[in-house]
Amino acid sequence: MARTPSSDRPERGRGGERGDRPNRGRGGAEQTPREREESEFVDKLVHINRVAKVVKGGRRFAFAALVVVGDAKGRVGCGSGKAREVPEAIRKATEQAKRNMIKIALREGRTLHHDAYGHFGAGRVILRAAPAGTGIIAGGPMRAVFETMGVQDVVAKCLGTSNPHNMIKATFDALINLASPRHVAAKRGKKVGEIIGRRDGAAAAAAAGV
């Protein structure tokens with residue numbers, strides 16, 4: 001039986017025809033909707049420590065992890081997990097953070113709409129909106145929240161505690177109190193332009209020292 005001439009065979013590029021297939025995941029399989037959703041999130045490990053439980057036979061040691069997860073577009077959540085191994089504790093904390101995510105409206109996609117205050121336990125936090133180019137001026141645990149949320153310019157300060165759990169929860173308490181001009185206008189029955197005009201006027205007066 002005669003062989004087919006090489007000139008009649010279909011040409012194959014480097015790596016065959018696989019490069020033309022979109023959404024290829026690990027192992028050459030297409031990414032599932034869950035995998036694409038998880039790839040959109042940014043997670044940061046804020047704190048991990050070893051804990052012990054006293055039982056009849058002695059002490060049982062485990063690890064507790066605190067994780068912050070966000071999509072860099074205004075959504076952010078925090079969670080804690082405990083397990084005998086560090087990776088499992090981080091996985092549990094990450095899953096809990098994804099379930100506890102909240103949506104925060106950002107001004108110009110980079111900062112907060114207005115100043116906010118929050119507290120949890122002995123911790124109190126102050127969040128201030130900042131002009132472009134300021135950057136994230138905040139302590140470690142709070143910085144992780146803003147970075148995963150997508151905030152680029154903010155000034156934050158924590159008072160009364162150095163416990164990362166209290167700092168994170170106080171920060172979320174402040175974020176929940178934020179409201180966009182559209183939400184405030186709808187609540188007061190006014191136009192968005194009136195709310196923005198008053199906000200800008202108050203900011204200019206504060207800058208002038210009036």
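Cβ coordinates are placed from backbone N, Cα and C, and glycine is handled just like the others.
Annotated features, as they stand in Swiss-Prot:
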COMPBIAS  1-23  compositional bias 'Basic and acidic residues'
DOMAIN    41-104  domain 'S5 DRBM'
REGION    1-40  region 'Disordered'
Request  = Pop the mean pLDDT for the domain 'S5 DRBM' (41-104) in here, whole number is fine.
outcome  = 94
Ask   = Taking DSSP states H, G and I as helix and E and B as strand, how many residues of the domain 'S5 DRBM' (41-104) are helix, strand and coil?
value = 14 helix, 38 strand, 12 coil
